[in-house]
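**Student:** Let me begin by handing over the structure; questions about it come next.
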Amino acid sequence: MMDQARSAFSSLFGGEPLSYTRFSLARQVDGDNSHVEMKLAADEEENVDSNTRSNHIGVAKPKRLNGYVCYGIIAVITFFLIGFMIGYLAYCKRVESKTDCKTLVPTEPSETEETETFEAENFPQTPRLFWADLKILLSKGLDTTDFTRTIKMLNEDYAPREAGSQKDESLGFFIENQFREFKLSKVWHDEHFVKIQVKGSNAENSVTLVNTDSNSLVYPVESPEGYVAYSKATTVTGKLIFANFGTKKDFEDLKMPVNGSLVIVRAGKITFAEKVANAQSLDAIGVLIYMDRANFPIINADVPVFGHAHLGTGDPYTPGFPSFNHTQFPPSQSSGLPNIPVQTISRAGAEKLFGNMEQDCPLTWRTDFPCKLVSSPSKNVKLTVNNVLKEIKILNIFGVIKGFEEPDRYVIVGAQRDAWGPGAAKSSVGTSLLLNLAQILSDMVIKGQFKPSRSIVFASWSAGDFGAIGATEWLEGYLSSLHLKAFTYINLDKAVLGTSNFKVSASPLLYSLIEKMMQDVKNPVTGQSLYRDSNWINKVEKLSFDDAAFPFLAYSGIPAVSFCFCEDTDYPYLGTTMDTYDVLSKRVPQLNRMARAAAEVAGHLVIKLTIDFELNLNYEMYNDKILSFVREMNQFRVDIREMGLSLQWLYSARGDFFRATSRLTSDYRNVETRDKFVMREINDRIMKVEYHFLSPYVSPRESPFRHIFWGSGSHTLSALVEHLKLRQKNSSAFNQTLLKNQLALATWTIQGAANALSGDIWDIDNEF
């Protein structure tokens, strides 16, 4: 047996003797290392004989072929195993921390594993759906929704629902319960204690004609049922002057001083508050507002009208800070409150006043009845306003669908809940859209069809009729953090007022997304795409003070959008007692289909903003806005040079912003969309672009709407341009020191936005 083993072992190495080389610790004298040949003891005798024969016979060289083959096989196997292990370990490192690397040796599945495998095969997980599939699912959900049922219910069960009333609160709790039934991730509400102005119960508001010489009563014109909130409560008397719509241009075209006089203007074009502010700036003592037949074709001539005169949003008696019950600020009031009385009158009352006026109006001002400019010399108008302040509690209702990956980033969808009067078009449509969208999107999430990366917040606001009070107070309460989390606001108020046109007002950051949406959504009446004009961006109107989206954009720096289906003329019943479901359904016979289209518009925006890894906000659109401003400023180069100033730094700021957007676009293209950390860092830079256009050089309390493009005040770019125009028109009213400040601060605000967009301070490369 030993012989066989030795033979096999020896043959494995080609029959060669086994040897090794030993290196001694001490060198030999001749410098050679000792060489020892190791032999098997049993072979010694054979080797002796072999050595004896070697003296006579030449030694044959042993064959080494078998040894080479063996070494090669061992090397190949070794390299294969090493490569396999390296690949396996590299794979294990890529697996998420929660996943353990499985053993390479297959084992028999346990009984539990077999059961789980069986269940997985029979009940596969719903795959994550993307835009094309979600668009179809949303459409199917909208097709089975009856929007008019909700609108009608709100009109029958919760009207009228003035802010703070029992019906307003009851509707709020109804919406809160609905959100819970829809199984939203979380539902809650917050309370605010605000001051609104209502008609006095002890004395009526009135408009009368009196004799010029004795102020004796000629005859009463009207004791209106409607009123204008936040008017000054007082009595004034003076001649009456017609100023068309009360715009700044109308007062310029009037070419007649209005100081010491009352002004009568038509409703429309601009808000009540702006009309009053324009008249007050020219020292008028009071304002009357009416709806003419040409723009508001209401058959009933004595329909009362409601509005507000606060040139701002939120509670005007807590400007810049939230009106929570526990806040203890000293008494203060907004600078946007008027110091003159304001009152709405019916068309019938306006006709009586025009019957006692003279001098023809400009041709472009002609209305449906004889248009006269000024009251007759023998008669004056007396206006009495007895409105009183009232403190009320309002509720804002919220529900959220939490995002799967970035729940701390959210889009907000909101609608006004209250209304002076029935409010079918003003608030019922928006509330219906809000409720049904929440239900449809929540169902899609529950079924595993829709997995939004970011959260969706649904909000029902109160006191919207008094200047977006509910929305603004909420923004003021969370001013320090909202711009870091909320990246878009979608307003649903007054979304359906007609069928012919689709109008949109929005931040430039949303233009590209809106255009894609318009290409996908069709007008249900015409069957045509909402995208009908490639030049639509140039026709976008600024958000007005009366729009709840305005404070999100101009106060908080959150991109916002407001849209509506409408006609060429204004919807005539807003703010009146005729804003009912019956009137709306007659005015818009395809009401349910139009409401479905409005919900589809909002739904498309919500889904696109929450499913993609990249944030769908086109920051490059502001390059065009800044360039337009620079071009406008270039028209005043001579004036600026005469003042010893230069536009060089403005050019540099504009260039830095352009380079910052280009660099960010390059970063976007180079990063892998699956690299969530880098994508989030880039998205955070994008979502703050709007915020960085809020001027840091003015106080949110003194000038709450700090946005240099869309805000209000001397810090805005439009105010800077208007001030330069004043130098050419009326140099005595021009303030050079103010202009220097305006130019410097506007330049630095743009530069600050460029720096913020660039990212870290070591990435900033500008000429300042």
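Even glycines carry a Cβ here, placed using N, Cα and C.
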**Student:** Of 20-23, 308-311, 472-475, 608-611, which span is tagged motif 'Endocytosis signal' by Swiss-Prot?
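**Tutor:** In Swiss-Prot, the motif 'Endocytosis signal' feature sits at 20-23.
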**Student:** Quick test of your reading of Swiss-Prot: among 49-52, 61-64, 325-328, 713-716, where does it put motif 'Stop-transfer sequence'?
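**Tutor:** Here Swiss-Prot associates motif 'Stop-transfer sequence' with the stretch 61-64.
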**Student:** Have a look around CYS70 (S-palmitoyl cysteine) and count the other CB atoms within 10 A of its CB, chains all included.
**Tutor:** 13
**Student:** Out of ASN730, ASN735, which of these glycosylation sites shows the lowest number of other CB atoms within 10 Å of its CB?
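**Tutor:** So among ASN730, ASN735, the glycosylation sites given, the one with the fewest Cβ atoms within 10 Å is ASN730.
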**Student:** So how many other Cβ atoms are close to ASN259 (N-linked glycosylation site), meaning within 10 Å of its Cβ?
**Tutor:** 9
**Student:** What does DSSP say about ASN730 (N-linked glycosylation site): helix, strand or coil?
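**Tutor:** DSSP assigns ASN730 (N-linked glycosylation site) to coil.
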**Student:** Among ASN259, ASN730, ASN735, these being the glycosylation sites, pick the one whose CA is nearest to that of CYS70 (S-palmitoyl cysteine).
**Tutor:** ASN735
**Student:** Measuring Cα to Cα, how many angstrom lie between ASN730 (N-linked glycosylation site) and ASN259 (N-linked glycosylation site)?
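**Tutor:** Rounded to the nearest whole number, the Cα-Cα distance is 19 Å.
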**Student:** Roughly how many angstrom lie between the C-alpha atoms of ASN259 (N-linked glycosylation site) and ASN735 (N-linked glycosylation site)?
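**Tutor:** Here the two Cα atoms are 23 Å apart.
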